[in-house]
């Protein structure tokens, strides 16, 4: 469906993609599982623009599956500076994103919303905006998803492979995040937990399951 930008893509402005996936309906005040995409859900191939090159990171599949079973929205929040830099366009992003979602469906897991920000200080034309509020580490994508899905951000979790993901989570009011291949750290009001092995993945799955139980109690 075309939007007010006049493109066939779900752009709310030239550098912001917001797409609702599937028809799952959620009651208000649920937490969400926020996920970075490149380097978290799929292998990061440096500005991925070819759907044929997309490979999932299997570590994330049980986390998404657990959130799906728990009735918790799964929301992808991804910076896409390759678009701002002119390496590829929104059509290539759409093709890659479609492939990621297709591979996830083949594994029996589902995403409920995708948000992407293409703004970057090194961009060209209207995308050359430094420190755009939607670009992580700013919290704009998480906050916008929170408004659209009526989420409880404080109870939500974020998983990503960069400190910018954790900073976005903290600024959005989340209490904890999991850093792929990272180190644990505690900041005022926010805990960064490492995600490097099966034991630490178990901690993430337990946290998601706890949110599901809290929602049913």
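Glycine too: its Cβ is placed from the backbone N, Cα and C atoms.
In the record from Swiss-Prot, residues 36, 37, 38, 44, 45, 46, 47, 78, 79, 80, 81, 135, 136 bind substrate; the candidate from 162, 170 listed for the same site is 162. Rounded to a whole number, the C-alpha distance linking residue 36 (active site, nucleophile) with residue 136 (substrate binding site) is 10 angstrom. You'll find the Cα of residue 38 (active site, proton donor) roughly 15 Å from the Cα of residue 135 (site 'Contributes to substrate recognition'). Around residue 136 (substrate binding site), a 10 Å sphere centred on its CB holds 26 further CB atoms from the protein chains shown. Each of the recorded positions 36, 38, 161 was scored by other CB atoms within 10 A of its CB, and the lowest score goes to 161. For residue 81 (substrate binding site), the nearest of the recorded positions 135, 161, 162 in terms of C-alpha separation is 135.
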